[in-house]
Structure formats: C-alpha cells, structure tokens
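TrEMBL has this to say about the protein:
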DOMAIN    158-261  domain 'CAAX prenyl protease 2/Lysostaphin resistance protein A-like'
TRANSMEM  30-50  transmembrane segment
TRANSMEM  66-86  transmembrane segment
TRANSMEM  106-126  transmembrane segment
TRANSMEM  220-243  transmembrane segment
TRANSMEM  276-296  transmembrane segment
C-alpha cells in the first residue's frame, strides 16, 4: 500500500490499500477512544464547574450550566479537528459535513427520522390523545400561538430538555464522536460503542440524587442502571440515524421529541379503560417501526455515500442503500 498524510506533525500514518480502500493507521483506535473519553468528561465536567447547594432543576443552576455546556459544545469540533491532524486522516468531506452539518438531503433529514420515531411512539401518542381534554383544533391553535412559545422559551427546564440538551448532546456524543470511531471500527461497531460514552455520562445524576437524598441508595442506583440502559439504547438509535442520514438535525429532533414524551407509561396503559386499543397501538407502532427503520433512513434520500461512511475501512450495511 501507499502511505499518505505522514509528516513531522503526525504520530500516525494513513494507508491506502492496493484496491484503493482506506486502511486505518496503527494506533488510531486508542487515539479515538481516548479522544471520545476526554470529550465526554469535558461535557459532564462542565456541569460541575459551578459550586452550588441548589438542585439541578433550579433556574439559576440551569442558566449556569447552559453557559458551560454551550462553551464545551462550541469547542467540541476542535477535538475532531485535532484528532484528524494527529492521526493524519484526510477525509474527502469537510469537517462540518462529517459532523452532519450540510444541506444535501436536509429536508428528508428533518422529516423522515422524526416521523419514524413518532411511529415507534404510536401507542403513547394515542394514549395521550385519548386523555387530553383538548380537541384537535384546540391543539393546533395552541401550537400556532406565539404566546405559548414565548412561555416555553422563558421556562428554563423546557429549554434544557427540548433545546439545549438535545442539541449539545447530539453534537458532542454523535456528530463529534462517530467520525472519530468509524475509521477504527465498522460503522456498526461505532454505533454500539458511541452510546456507552453517552450512557456513562448520565451517571452523574446519581451524584445529585445522593447529595440531596432523593430516595434510598439502592433505589437511586437501580434508577441509574435503568437510565444507563435506556440512554445507551436511545444513543444507539440516534447514532444509527446519524450514520444512515449523515445529518445532525434528525438525531436532535428525535432526541427532543423523546425528551418530551418520556419513557412509555406501560403501567398506566395496562390500567386504562381503553387498554386493548392502546396496547394494540403500542404493538402496531413497534411493528411499523421495525418495518420502516431501514426504508425511511435509506442513504439514497440523503446523498450517497453519507460523509461519515466515507471514513469506513470496510463496507457496511448501514451505509448501503
């Protein structure tokens, strides 16, 4: 093979095989994993640079954390750029394109992944519609009311859950980490590895729950294990969307929607007076989701190949239409 991208600045070298395929340089996996770990620690650590005796949902705490986490998120592309320079990986797409910030296929990337996620939540959505005292037109009027959105924007918890957390977490844990992980592993392996950083990052909630004695120790740790499992699965799903579509906007919108919906209230559904209908919708939603998972995320809609897939050293079914 021919070595390229090797000079005095680079500790690693990039190799192109005789068949023209990208061959990851030796040691790139250690650099990639350590870079992702440092990025995850920086993100979580930024939440604790402010000393406070107030709980995490207090508006003052949320505002301070907005400041630090937005700074880390704004600097996160520097991690990817530094990783690229250190390893000598010279991808065809630009850095922004690798991070899912591009115009090609933007409209499908806004609509289709969110629609797919709503299909998965068909049961909870039907349950919510049945229990909501508003009619359909009432909901439309509220959604179009600027005063409603003005109230939302003044609510620090709403801003955190629906805007800042989805945007910054998807930027850091998907858009920045996946381009660093894909070259040293297959896209499928990167999709399963990336959520581990995301899940572990949510363990910091245990510190606050223990600090403010919000439950028993065993209950807090059981909740933490459940949250890790849930966030890891969700992280794998948004990583799948990112790799398949090559866009950041889809994972961000799906993250915001899932934060709004919360974990499906199955126990409430089992006790509902229309439980047969609701449970049927739960099952139908899961079946339709599995049927539509690959068709609605077909890279053909978003531009082939998606930028992050150009870094793959071996062909992957995730990157193929």
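The backbone N, Cα and C atoms fix where each Cβ goes, glycine too.
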Based on Cβ pairs under 8 Å, which of the stretches 30-50, 66-86, 220-243, 276-296 lies most in contact with the transmembrane segment (106-126)? 276-296
Could you tell me what the rest of the chain brings near the transmembrane segment (30-50), counting residues at least six beyond its ends with Cβ under 8 Å? 12, 61, 64-65, 68-69, 71-73, 76, 79, 82-83, 86-87, 168-169, 172-173, 176-177, 180-181, 183-184, 194, 197-198, 200-201, 204
May I have the DSSP-based helix, strand and coil counts for the residues of the domain 'CAAX prenyl protease 2/Lysostaphin resistance protein A-like' (158-261)? 92 helix, 0 strand, 12 coil
